[in-house]
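Below: the structure, in structure tokens.
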Amino acid sequence: MEYQPGVCTGMVDGKCFWPRGKAVGGTSVVNYMIYTRGMKEDWDRIAAAGNYGWSYDDVIPYYIKSERADLKGLKNSPWHGRDGELSVEDIPFRSKLSKAFLDAAKLYGHRRVDYNSPDAFGFNYIQATLTRGQRASSAKAFLHKNKKRKNLHILISSRATKVIIDPINKQAVGVEFHKNGRVYQIRANKEVILSAGPIESPHLLMLSGVGPRKQLQSFGIPVIQDLKVGESLYDHISFPALAFTLNQTRLTLVEKKIATIQNTIQYDQYGDGPMSSLAGVETIGYIKTNISNEIGDYPDIELLGSCASLASDEGTIVAKGIRMADWLYNDVYKPIENVESLTVLFMLLHPKSKGYLKLQSADPFQQPALYGNYLTHQQDVDTMIAAIRYIIKLVDTPPFRKYGATLHKKKFPNCKQYEFGSDNYWECAVRAVTATLHHQITTCKMGPPTDPEAVVDPELRVYGISNLRVVDSSIIPRTIVAHTNAPAIMIGEKAADMIKRSWKLF
């Protein structure tokens, strides 16, 4: 992400880090593997905005179609599939702290629910895209067993650089790509489908002459269709920096203690044990803070209970993964590296702050400039502070107190001017560690013809260009209560039926 004053102040160079999965399978090869679909209200609101065919009742069959669920207590649930390609399982490893998290939530009146059913407002163990404790990426699920099909050609070490569009009749006719220093063109028999994700799909459209007129003209790109590509961008902000120390041992994933030959063999042979954990994350819950202006049970925060903290791996994985600056890690977390500790991280579900992306050049190998505009709306800040206070109360309950759970109160060096625990301090903290969970959306927004920001219609066809669709999370038109991997797969399943219908292939 481009430098933004006042956020990610505790990150390397003061910049937010937006990694993407550059592989077959995209970011599903690096994500947290948390399987969430979005709430009924999410999809019904999307449909009510003029996106026909996208209500909860419309999309749920496609979630079920792709799913092969093996979930305790849900064997007969009508909301889960059994015959799909995507394996969804319980995380094999559960620490004692996962039960403490759910017991504490119960004390505050939260129900245990299947959060992937219509009745989703509550808490439970995480459902994950795993196969016997190992990552089930979209590539493993859908491509590996089909990669030798005669009508499927997978090109690796290749980069798409342009959609070839006839400027006269505005029809997509092929794709240009680079491989091993050479430029190739492929012609499309029927249509071109962009599934490059929320950053590269809009990037490719703009390189191809589809995007904001003035921006394209400034880089000498001939304008074929003037659309607001990249002008809407939302992301889920996460705060993984709270730490609670414990006075008992063998409760958490301290890396030095779990990195044993025995645990390695257990994971390799049986797919379970502590190494099957999702970096410590075990439980999930939805809350509605006192900042929310929503009516009814519609959450504004997702909580993720973890039997580890930023200190548990001595700063080698999670802190490095979010590009936390050494001066912050060493001062705050290094002193508790050998102490049992946990965190409850959280995600801002419906940010009011809106970002965008734009070209930096007409060179396809020059990444677009990414502007998250994190925390530019005060309600986002207030909601995150409310979430922190809720978590502190949640952990200060008997289920956690019996393990001696105590908030680690070492001040961030750049926030020492504020009283620890004050609103000013917590705002400074969330502005220091402003992490993404790779959930960028809306850069190729889906909408009806009356929506001035829409790039694609409800059939995912690019407005004004025939034979061109966008099929990925960039089309999601508003924030949803979901990690975006499962919705992206659902979008692919639904688009497949749309395409077959268009070409009368049923």
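Residue positions begin at 1 at the first shown residue.
Positions of Cβ are set from backbone N, Cα and C atoms, glycine also.
The domain 'Glucose-methanol-choline oxidoreductase N-terminal' annotation in TrEMBL covers 21-44, 197-211. Under the heading FAD binding site, TrEMBL lists T27. Annotation comment: TrEMBL describes H439 as active site, proton donor. According to TrEMBL, the feature active site, proton acceptor maps to H483.
Sequence-distant contacts of the domain 'Glucose-methanol-choline oxidoreductase N-terminal' (197-211), counting only residues of its own chain at least 6 positions beyond either end whose CB sits under 8 Å from a CB of the stretch, comprise 18, 20, 26-27, 160-165, 167, 221-230, 233, 357, 359, 362, 364, 367-368, 370, 440-444, 455, 462, 464-465, 470, 472-474.
Counting every protein chain shown, the Cβ of the residue listed as 'active site, proton acceptor' has 25 other Cβ atoms within 10 Å. Summarised by DSSP class, the composition of the domain 'Glucose-methanol-choline oxidoreductase N-terminal' (197-211) is 11 helix, 2 strand, 2 coil. Taken residue by residue with DSSP, the residue listed as 'active site, proton acceptor' is part of neither helix nor strand, so it is coil.
Remark: secondary structure over the domain 'Glucose-methanol-choline oxidoreductase N-terminal' (21-44) totals 9 helix, 1 strand, 14 coil, with classes taken from DSSP.
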